[in-house]
Structure formats: C-alpha cells, structure tokens
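First comes the structure, then the notes that go with it.
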Amino acid sequence: MCGIVAYVGQQEALPIIIKGLKRLEYRGYDSAGVALIDKRGLNVYKKKGKVSELENHLLGQGDLHSTIGIGHTRWATHGEPNDVNAHPHYSSSEKFAMIHNGIIENYDVLKTDLKNRGYTFQSETDSEVFMKFIEDIHKNNNCSLEEAVRLALHKVVGAYAIVIMNIEEPDTLIAARKGSPLVIGVGKNEYFLASDATPIIEYTNQVIYLDDYEIAVIRDGSLQIKTIENVETNPYINQLEMELEAIEKGGYEHFMLKEIFEQPRSIADCMRGRLDAKNGRLVLGGLRDYMNKFQNADRIIITACGTSWHAGLVAEYLFEEFARIPVEVEYASEFRYRNPVISEKDFVIAISQSGETADTLAAIELAKSKGATIFGVCNVVGSSIARATHAGSYTHAGPEIGVASTKAFTAQISVLTMMALMLGYQRGTLTESKYVQLLNELETIPGKVERTLKMNPNIEAISAEYKNARNFLYLGRGYNFPVALEGALKLKEISYIHAEGYPAAEMKHGPIALIDEEMPVVFIATKDNSYEKVVSNIQEVKARKGKIIAVVTEGDTVVRGMADHVLEVPDTAEAFVPLLSVIPLQILSYHIAVMRGCNVDQPRNLAKSVTVE
Ligand code: M6R
C-alpha cells in the first residue's frame, strides 16, 4: 500500500514523478505529494485526494524545475487522509524530506521520546516520526545522513520502503527497504526508484530489486548498495520484460474491463511453453527440483488472501481430485497467528498476485521456520513473495492494474490446474489416458473464454435491471463454490452492493430467510456432479420469488425454463469450469459498478497490494 517514486538524473524530475505516481495510484489514492530541490530550496507540495488534485495544486506554484525529486501516493494507515498527513514529510529543520511505504510499529515509543526532547509533529503519521528519528540520530551522532539512516533502521520495527532527499546534497537520494518493495531503474547517468517497475519501464528495462535490510545511495550519478550491517553488495541487474502497452488502457474505458478481456491471452500466456497437449507433455520449470517433495507430501497447505484465497479453494478441489493429497486452504492472516501444526512433510503453496501481501509473506516465513517447503504462485516478477519462497511458478498474466483482481485469478487457477495435473500423473492417481484427455481440454480453455466474453452486451443489459439492488446472493457447489465467493467479492468491492457467496446447499441453513422478490440470486449451475442438486436450490429460490440469474452450460434447457436470466458458458471438464464460470460474474460486477457511477479501477478504501496486516 502506498506508492513511491523518485528520480535523479538530468531530466526534469516532476513530469517523471507525476506520471509514475499515476501508474502507482492503484496502490493507494488518499493523497499525493512530491518534494523537489530547486533554486528556492527543498520544497514539499502535497494534497489530499488523487494525483490529479496534486497536479492542480502544482499549477499555482510557478515553474518547478528540478532534476531530483521524490513522490508518494498514499493509502492511509496512521491518520486520516488530509493534506498534512500526506507525504513527503519534512525533518524539523526542513533540510530533509522523506517518502515512506509501510508501517512503523514502534512509532509511538519513538514519538514520545522525541517529544520529550522537544520535537513537535505536524501530522499523525508514523512516517513523520521515522523522518525525525533519523534526523535526531544524524544530529546527535554528528554523522552523515546515510549513516543516520543505517543506525535508525536497526531501531525501527515494522515495514518500510523509504527514499530521502537532503538539501545539502542536491544530487543524492538515499533509499532503503524492509518488507515493502523497492525497484531501482538504472538509466544512463540517471536512476528511477519506485514501488514497482511500471513508472520505470518507459525509461529503462534494467532494474535492481532492492533486498530487505539494504540501503541504496545514489550520489553524483553512481549507485552504491550496502546492508544495514554496512557490508557493500554487488547488485544483480535484471532485464524487465514488461511492455509499455501492458500498463496502458489500450482503448478500454477501464483497466478492469481491459483485464477481463485479456483473459484468453493471459491464460494462453500462462500455459505457453508449459503445456504441450499434442505430445502429452506438461512441465512447470519451477516445480522440477521440488517434484519429489511435492509428490511425497503428507499434506498441501495453501495460504493466501482475498481473490488469491479463492483460487486456493479451487485448487483444493483440483489437488484432492487429481492427486489424492489432503489439502488445507488457509487465510494467511489467520494462519500466521494460529500456531498451526506444520512439518517438513508439508508442501505449502502461497498464492499472490502482487507478491507483496504482508499476511501472506508472514505466513510463508512461519511455515519456512517449521521446515516446510514453500512454493509461490505470483504474478509480479521479482516481488517479495516470489523471492521469499523456495521455488515457484509465475502466472504470467501481465500487469494487473485494476484493484479488483480478474485476469490474475484465472491465471492463478491455470497454474494450480497444471500443478494438480502434473502431480496426479506423477503419483499415478491420474491414468495416462485421462491425463492426456485433460491436457487436450485444458488447451481449449483460452478459446472458450473468448466465446464466453461474447456475452458482454447481454450481461450489460441484465446489469441495468439489477444496478439498484441492495443485496446479492451467489450460490454454487463443488468447483463452483469458490466461484460464488469470488463473484460476491467482485460485486461488493467495486459496486458497494452487499453480496454474499455460499455453497448452494447452505442456503437452507440461514440465507434462505433473505429471499424475496427484491433479492437477486446468482446461481452457478453448470452441468456437473451437483447439477441436479443446484437445480433443486433454484426451485427453492423461485418458490420464494427471488430473482434468478444463472450461469449454465451451453444448451441447458432445464434452468432456462426457471431462471429470469441465463448466461451460457461452453461445456468443459468439471475441474476447468471455474476458468469459464467466473467470467460472466466479473463482467456483471463491472457493469453494475459503472452504472452506479463507482470508480471501478480504484474502489474506495482499497489498495491493490496490501502491505500492511
Ligand atoms: O496480491 P494478492 O493476490 O496477494 O492480494 C490479495 C488480495 O488483497 C486481493 O486478491 C484482493 O482481495 C482483491 N482486491 C480482490 O479483487
């Protein structure tokens, strides 16, 4: 949460920073700010609201020319979203300014101590305390600013990615990280720092991912990285493979719609080079060295949050069906504090689009400390989770900018499906002929997603009928139960309509009391093992005059005769249905949110990567 950008070089810093902040706005949009050094000194400009509010504010500030600057877009943790709590934060002397992404857990103790020694605070933030704590060490130890940063990092508890500017060194940026991401773009005599690579990609494809407990000092055109123990490191320069188009809207009104429509391609990209159905081959490179452990695991534990947790639930069905290994799916936030029973015989899969989710990272560290093998399924290359796990497979969905996760979900399920098929085949719980048949079917999924997307206009029309509903129920069974949860999450997070997902059979244990003519119920009733049972549940809702929107298999006539609206998805293997049945639910939530005037890509109170617990 929160996005940070910084630049030092020969170009004008402000336009680079503003553009970068817009790219990072998905990480938080409560306020935005920049600090620049020019003839007038080190000046901070900040404003509550989006980056566009900051731009308006900057219009009244005269010519702002600077070749060094830092910028921040905030998701509020300590202190309400307002101008004062916005970053950057000055030191007391106003000689330094700092941007911070993360949370300082012991800020209260530090603040009390600083206050007792005469410091005053303008904001309610932990970040201002952090800045003034560094300033205090600098003053008391009579040391350089970078040494003060290093000493301070030994004392602060929590997570941070920080960048600091110093009026006395107008060609220098000092940065550090622990727990929050920081990428350094290396240009020709210029450097770009950011929370992810999207603000950097149009200037350079050479990047360094700063590691936890590392401090980077960029001074006079050269970069030095050392640990907080003062040991110099030799950074590895990665080549970014991201294309600029991947982070632009490409003619779509919203990123979310673009990302929904990208799914035929993102699923195909995820399978490319891994699945070769014609030759009966499926290889996930990341699993190769760990296949033995995976195959012989006593148990698979899946840990994740939000949509990624829903993908984990789908995987529970997949692994148990194909590989016959017991699976537990855990909310990372619960798992990390529950003192769970974990051993070296457990294979833990951590799923995360951003690769930065704080709870998932903490769950990984806990499972690691108990000796389990940890496998990551991440989308963002080089992210913290990708680097904290023993091995992993990237989802290759490309950048997902909309806060509501769509293409990442189907790419996660694609990777997990391939893992389950490989595992079942290796363990002999899947016969060769069934395996080959499933590989062939899996290869048809991108085309079937493409066909499913053609329902868009139809779903838009249905959305208009239900846009004012106050509640929604989503019901499904088996593989479609996690899809029901995901459909409900998509609707509530972007349209602010209250929605619940349930296993369809649970309806009669409580939620049925809610059904009346005002209640839209979305059934996922594709032709599978529980189809007949779901049809009975549809009857029960109909008898109580609920409005029925049903996702069915193409050609279904039974549900068509009962439902108010049907949305058809192509027939496929039962295990692959979530890859298709979730698509109409994504589209439904998108249109309803747009019709309600909601900010689809940046829903209120949310951020794309949740780096606080
Ligand atoms: O980046 P992650 O996959 O770890 O994020 C997990 C959740 O925060 C995320 O899926 C969230 O629930 C999305 N807003 C759902 O659309």
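Here the Cβ of each residue, glycine as well, is placed from N, Cα and C on the backbone.
Counting every protein chain shown, the Cβ of Cys2 (active site, nucleophile) has 28 other Cβ atoms within 10 Å. According to TrEMBL, the feature active site, nucleophile maps to Cys2.
Residues or ranges marked as active site, for Fru-6P isomerization activity in TrEMBL: Lys608. In the structure as shown, the Cβ atom of Lys608 (active site, for Fru-6P isomerization activity) sits within 10 Å of 24 other Cβ atoms.
The feature domain 'Glutamine amidotransferase type-2' is assigned by TrEMBL to 2-221. Confidence for the domain 'Glutamine amidotransferase type-2' (2-221), expressed as mean pLDDT, is 95.
What TrEMBL records for 290-429 (among others) is domain 'SIS'.
If you look up TrEMBL, you'll see 462-603 (among others) marked as domain 'SIS'.
Cys2 (active site, nucleophile) sits 9 Å from Lys608 (active site, for Fru-6P isomerization activity), taking the C-alpha atoms as the reference points.
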